[in-house]
Amino acid sequence: MQLVLALTINCLILAGAGLGPMALLAPRLGALAVMALAPAAGYALYSVTLTWWLLQEGTAGAAAWPLAGLLLAVSAVCLAACRDTLRPRLAAVSGKRLLAGLAGLVLCLGFLFSPLAAGKKGYDVFRGNASDSFIYMFIARYFDEYPRAWAFEQTPEAVEAAGPMLVPAQSMLSIRWTSGAMLTAAARLGGLGIVEYQYAYTLTSFVLLFAALLPFLAAMGLSAPAASLSALALSTGFFAQMVLDIRAFSHINVLPLVALLALALSLPAPASRRETLGRLVLLAGCYLAAFVNYTEIFPMVVGASASYLVLRLALGRLPRAECAVHIAGFLLGMAATWPVRFLWGHMLAQIQFTQGAPQLWSEAYFTWLYHNLPSGLFGLPLMEYGFSRLPGWGFCDLPGWLVTALGLGLCGLFVLGGLRAANDADRRAPLCALTFSLASLAAFALFWLRGAPWVAGKGLSYFFPMTAAVALYAALARPAGRPAVPRPAAVAAVLLAGVFLAGQLVAAGLRPAYAALNIDYPRYVRNHGRYRAIDGNIAGMKDALARAGARRLAVCSADPWKWSFLGLSLDGPFKVVAPGALAAPDGSGEAEVFVALDRAPGGPPPELAGYRLAENTSYVLYRMPRETLAGLLPTLTCNTTPY
């Protein structure tokens, strides 16, 4: 319940921060669309403003609440500035769409949080690529108390002396760090520790994605129930789970920003000078937020946006004046990247790095994709083997040939959706979804053919909601676009779309079932076994330290993930220091010291058993004389390199 409350507080703050700016910058957008896009817009505003603040050598921990208050005040001013347009927009609210959206939101929260309730302690820390999780957590720990320049001004020894949990962040301070800093702020707003909140922080992006997809799918012609059901499937289904479990926080955070940008690109042409100015700011803000949050995705964002404009020009649907607004919005956004221009070098370095990405990464994360490509393109693998590890439920799995046929059928729907988007002169969102999807598919095909399957899989995952949206548009949009198909084919298309949506919601339901059984999907993200091997229940240790009045402790483990988890979890309520610093006489008057070490299979060694204060299956917390720890130092193996 603490996590649900913390996430709710964060979502309400982001929604409040984005509500006024969205209402002001898009004056002809309906009230429900404004409310649905407000959380993503609020995240964009908060992340960009926090990035600026950190460049001024502020800290994210100190800025969390003041920045929230400032953005909420600005939002209120924006609402006051557009109050004349609010009343007619509120009067036009559709109760059916409101109820469908709220019902979908409740289900979305249920699907996202149920695995946490069903899973064991540590489920939310060591899933998938925990190394990436720790990168963002270490950045968050650093920005909680220290300005960016501090680490550059200190020697490595001075940084370690200030706290060993600060050292791993040093290598990340010259590249993108906005998502890590946003974790700091979100944890502060939610009143939880960084490790406690990091999983819920990433879940927030899928709540924002669900909300942002609602108006975008409605703009594609889907009815209120269809849009809500589709948004729910795309934000909790297989692809969403896979992206969540890869634990690339920046990738996760940018998903609702892409949906926000796509809708901004799809808005009708500005009808006044004031609306033109608002559109410029909206587009510039979307581009800037995508850039600072996930620099690597930016070439695909630019490619998709440019392709959309070029296609509209080719189809004769983009007046020159409107084209100028789009170009000016992009250039304004790029000009705003000047304070973070160092990220351009990072982007180029990452592009070069992808050329040599290890084959092992593909085997670890994308076995499901290359096992059955037609199925994998649309996130259908669990329809083939999702029930196979649930006792007594294997009969629910579909034959591989049938899942392949469903995938090929969705490919056919995608082609039909692409043709209809090109012919749909009344709706802009379908063509925008198509170009974003084609950018993703082109990246997948290019890198796959060049023998880089991991990069290909990442490219496919960047805009996965858009790929599915094009297929759903072909089947569910009303009125249906051209080319028309015979009625039996139209009915078959609706049934196929229904099967796809049902499959994604089944995947959402399978996740808590697998969590409860402490197992993972077949052919899924390989590193999941680590969360079962490391005991994440450290409440007993925290209680023991608090009862003993501990102020400082040392953490040492031969496993860098174990060291990272325990050190980050305890560094805050207590001061975590290096074992050597704790053992050295420092005049503090501490005759006894606290140190957490790996637990041997047989328990604590006899010579240390008398000093045991608390333990679980992975760690033992000791309270021992300082001289005893000093004697142990030569025998300790402390691996402090988590990535």
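Any Cβ shown, glycine's included, is placed from N, Cα and C.
Just so you know, TrEMBL annotations never went through curation; they're auto-generated.
Summarising the annotation, TrEMBL assigns transmembrane segment to 6-25 (among others).
Per TrEMBL, transmembrane segment is recorded for 32-55 (among others). Proximity of distant same-chain residues to the transmembrane segment (32-55), defined by a Cβ-Cβ separation under 8 Å and at least 6 residues beyond the stretch ends, is recorded for 11, 13-19, 21-23, 26, 63, 67-68, 70-71, 75, 89, 93-94, 97-98, 101, 143, 147-148, 177-179, 181-182, 185, 205, 207-209, 211-212, 214-215, 218, 253, 256-257, 259-260, 263, 285-286, 288-289, 292-293, 339-340.
According to TrEMBL, the feature transmembrane segment maps to 67-86 (among others).
The transmembrane segment annotation in TrEMBL covers 98-118 (among others).
For 199-219 (among others), the entry in TrEMBL reads transmembrane segment.
Under the heading transmembrane segment, TrEMBL lists 250-268 (among others). Beyond the transmembrane segment (250-268), the same-chain residues lying 6 or more positions past its ends with a Cβ under 8 Å from any Cβ of the stretch are 26, 28-29, 33, 37, 39-41, 43-44, 47, 176, 178-179, 182, 202, 205-206, 208-209, 211-213, 215-216, 219, 243-244, 279, 282-283, 286-287, 289-290, 293-294, 296-297, 301, 305, 308, 326, 428-429, 432-433, 436, 458, 461-463, 465-466.
The annotation transmembrane segment is assigned in TrEMBL to 280-304 (among others).
Look at TrEMBL and you will find 365-383 (among others) tagged as transmembrane segment.
With a threshold of 8 Å between CB atoms, the same-chain residues lying at least 6 positions outside the transmembrane segment (398-419) that come near it are 372-378, 380-381, 383-384, 430, 434, 437-438, 467, 470-475, 483, 485, 493, 496-497, 499-500, 503. Among the features that TrEMBL reports, transmembrane segment is placed at 398-419 (among others).
If you look up TrEMBL, you'll see 431-448 (among others) marked as transmembrane segment. Residues 216, 220, 258, 262, 265-266, 300, 303-305, 307-308, 311-312, 354, 414, 417-418, 421-422, 424, 455-457, 459-464, 466-467, 469-470, 473 of the same chain lie 6 or more positions beyond the ends of the transmembrane segment (431-448) yet place their CB under 8 Å from a CB of it.
Annotation comment: TrEMBL describes 460-477 (among others) as transmembrane segment.
The transmembrane segment annotation in TrEMBL covers 489-510 (among others).
In this chain, the transmembrane segment (365-383) lies close to the transmembrane segment (489-510): three or more C-beta pairs between them fall below 8 angstroms, excluding pairs fewer than 6 positions apart. If one looks beyond the transmembrane segment (460-477) by at least 6 residues along the same chain, the residues whose Cβ comes under 8 Å of a Cβ in the stretch are 209, 213, 216-217, 220-223, 226, 230, 233-235, 239-240, 242-243, 246, 251, 255, 258-259, 262, 297, 300, 304, 369, 377-379, 410, 413-414, 416-418, 420-421, 427, 430, 433-434, 436-437, 439-441, 443-444, 490, 493-494, 496-497, 500-501.
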